[in-house]
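Below: the structure, in structure tokens.
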């Protein structure tokens with residue numbers, strides 16, 4: 001376990017590599033990697049009240065509303081009051097950030113700034129395994145068999161909002177929602193932004209930052 005109760009968040013637009021960065025931080029520093037998407041899938045699978053509600057929106061082709069998504073996250077985080085963690089993909093809006101404030105105080109917010117063209121290329125090449133949320137990129141992380149999940153052998157899909165024509169709209173919506181969240185954490189002095197086009201080149205700087213807050217449990221990997 002990490003040396004102290006560090007509460008950290010990794011923010012970034014779709015396709016920015018949040019999941020990869022979170023996995024590396026979790027492995028190097030002993031923090032639990034909490035994926036908002038995974039919590040949502042688990043609640044839907046378990047048929048919890050909030051999971052059933054979220055499923056209704058998704059089956060109607062709608063985004064899960066802010067208040068429903070927030071309820072999922074607050075329920076899960078309240079179970080982890082005595083543990084250090086790393087949040088991936090939450091908060092995405094000012095309303096979510098304000099809800100998070102009510103149950104904990106963040107120590108560190110990492111923002112990944114990736115150029116639009118890079119994000120567009122990554123998302124357009126991205127395919128997912130719906131049941132698990134596993135993500136493949138046809139350019140640098142393809143499945144062993146085209147269109148098939150490596151573990152379950154089930155078919156992969158491309159999300160409608162990962163298709164080229166939808167990506168620009170999706171990224172613009174993210175930027176508009178995230179701007180006040182970034183301002184909030186910047187004003188508190190806990191926001192640290194990293195820019196680049198490759199996760200492997202950004203990672204050493206992220207590692208150095210987190211190392212200044214808590215000691216690593218294993219040495220940095222050479223990439």
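Placement of Cβ uses the backbone N, Cα and C atoms for every residue, glycine included.
Residue density at residue 15 (ribonucleoside 5'-triphosphate binding site): 24 other Cβ atoms are found within 10 A of its Cβ, drawing on all protein chains shown. For 15, 16, 17, 18, 19, 20, 126, 135, 136, 199, the entry in TrEMBL reads ribonucleoside 5'-triphosphate binding site.
Taken from TrEMBL, the feature region 'NMPbind' applies to 35-64. Long-range contacts of the region 'NMPbind' (35-64) within the same chain: residues 19, 22, 71-73, 75-76, 87-90, 131-133, each at least 6 residues beyond the stretch ends and with a Cβ under 8 Å from a Cβ of the stretch.
Residues or ranges marked as AMP binding site by TrEMBL: 36, 41, 62, 63, 64, 89, 90, 91, 92, 96, 170. For residue 36 (AMP binding site), the same-chain residues that are 6 or more apart in sequence and have a Cβ closer than 8 Å to its Cβ are 69, 72, 73, 87, 88, 89, 90.
Across all of the region 'LID' (125-162), the predicted model scores a mean pLDDT of 89. Sequence annotations record features per position, and here TrEMBL assigns region 'LID' to 125-162.
The feature domain 'Adenylate kinase active site lid' is assigned by TrEMBL to 126-161.
Comparing C-alpha positions, residue 126 (ribonucleoside 5'-triphosphate binding site) sits nearest to 170 among the binding-site residues 62, 64, 92, 170. Residue 64 (AMP binding site) and residue 15 (ribonucleoside 5'-triphosphate binding site) are 19 Å apart (CA-CA, integer value). Distance between Cα atoms for residue 62 (AMP binding site) and residue 19 (ribonucleoside 5'-triphosphate binding site): 23 Å, as a whole number.
Across the residues the record lists as binding AMP (36, 41, 62, 63, 64, 89, 90, 91, 92, 96, 170), the two Cα atoms farthest apart are 21 Å from each other.
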